[in-house]
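First up is the structure itself, then whatever we jot down about it.
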Amino acid sequence: MANINENYLKLKAGYLFPEISKRVKTYSEKNPSAKIIRLGIGDVTLPIVPSVVDAMIAASKEMGTAGGFHGYGPEQGYSFLLKSIANNDYGSLGIKIDESEIFVSDGSKCDCGNIQEIFSTDAKIAVSDPVYPVYVDTNVMAGRTGEIGADGRYSNLIYMPATKENGFQPEIPKEKADIIYLCYPNNPTGTVTTKKALRAWVEYAKKNNSIILYDSAYEAFISEPGVPRSIYEVAGAKEVAIEFRSFSKTAGFTGLRCAYIVIPKELKGRTRGGEEVSINSLWSRRHTTKFNGVSYVTQKGAEACYSPQGKKEIQASIAYYMSNAAKIREGLKKAGYEVFGGVNAPYIWLKTSDNLSSWDFFDRLLDKAQVVGTPGSGFGPAGEGYFRLSAFGKKEDVEEAIARISFL
């Protein structure tokens, strides 16, 4: 009998979203006629926009011809998409990113989870609290986190509390962290950061030879001027940061799967002997060994997102979701809830009522209003007493959900 990776046994029982699904299923079986409105997991509800559909249809037909068939493509991504990403997502900000610094993948969740494989197993990890669970769980699996304590924290992780008191801006740790996870616009709190704050993180990373893993999957939802869209807007960030982007929420690709990671050539790591190593080269080796690339048809769809008509259609979808966010935010405020986020991000972070725990509030909403959200404690100990609602639902469902919650 083979031995197992015992680090998996250190994971908290049940990943957050499967636990939510389990509770909803139990409730539905007992209440089969109940209309449940789901504002929990951040899956989109609008269909793929016409420009993308048309591009994928054309690509599919192309694949049905002898001259247009594509088998295994370049693992890093087709040049047509890499060029579109570099020109539109970065060139528009005055940031120069080379095609060789972009790696197309099947999702930011995969990239955020896989990137840790190229770093030492004794690397010291820093995460905000609350935090997207994937950052923590993949490092638990790799053996970096130590044991979990009674307070829900792992002994070897550096936790950076993001609270109401500090504006949900995690403070820079006093100790040295090798790898720092940052997410803006933030999941789960829906808040954003400033260039001044990012400059401080870049300075810390340079001083401590740290690497910042910057998850910018929700960048397209930023509406206010002056809010940074990329960490590379900060001078020197290319020397210390990796950035993650996704088409999932931006263009509704949750079922198609397409994202990308940017690793600048300037970014270096070190061996135990002190030798500098290119992080871009390391990731390229890992990426091409374990991944065969995103399909040609999907990448043609992603390319269409950058066409003038594609941009217009996608902006309309984003406006739809952000209108939902405004409805949730204002509706909850009128109902007496303390709310955060929902302005530059599709998530609303609220304080639970009556000092209920996050899971007790989940059960109350499900039982009394048939509304499903996400317990804040599932994102970390500092999320206890908070709750996340997603703006990715249908307009009519969002309006009904807020009406139901208001009557509680």
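Quick reminder: no glycine exception, Cβ is built from N, Cα and C everywhere.
Annotation comment: Swiss-Prot describes Y15, G42, K109, Y132, N187, N292, R388 as substrate binding site, evidence class sequence analysis. According to DSSP, N292 (substrate binding site) is assigned to coil rather than to any helix or strand. The number of other Cβ atoms within 10 Å of the Cβ belonging to N292 (substrate binding site), over all protein chains shown, comes to 10.
Look at Swiss-Prot and you will find Y72, S108, K109, Y132, N187, Y218, S246, F247, S248, R257, N292 tagged as pyridoxal 5'-phosphate binding site. Around Y132 (substrate binding site), the same-chain residues six or more apart in sequence whose CB sits under 8 Å from its CB are C112, C183, N187, P188, D215, F379, listed in sequence order. DSSP classifies Y132 (substrate binding site) as coil under the three-state reduction.
Annotation for K249 (N6-(pyridoxal phosphate)lysine): spatial neighbours G42, V44, A217, Y218, A220, F221, P346, F392, criterion Cβ-Cβ under 8 Å with sequence separation of six or more. Feature annotation from Swiss-Prot assigns N6-(pyridoxal phosphate)lysine to K249; the stated evidence is sequence analysis.
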Under a three-state reduction of DSSP output, how is R388 (substrate binding site) classified: helix, strand, or coil?
strand
Compare the Cα of S246 (pyridoxal 5'-phosphate binding site) against each of the binding-site residues Y15, K109, N292, R388 and report the nearest.
K109
Write out the long-range same-chain contacts of Y72 (pyridoxal 5'-phosphate binding site), meaning residues 6 or more apart in sequence whose Cβ is under 8 Å from its Cβ.
N292, G293
If you measure K109 (substrate binding site) to S248 (pyridoxal 5'-phosphate binding site) at Cα, how many Å is it?
10
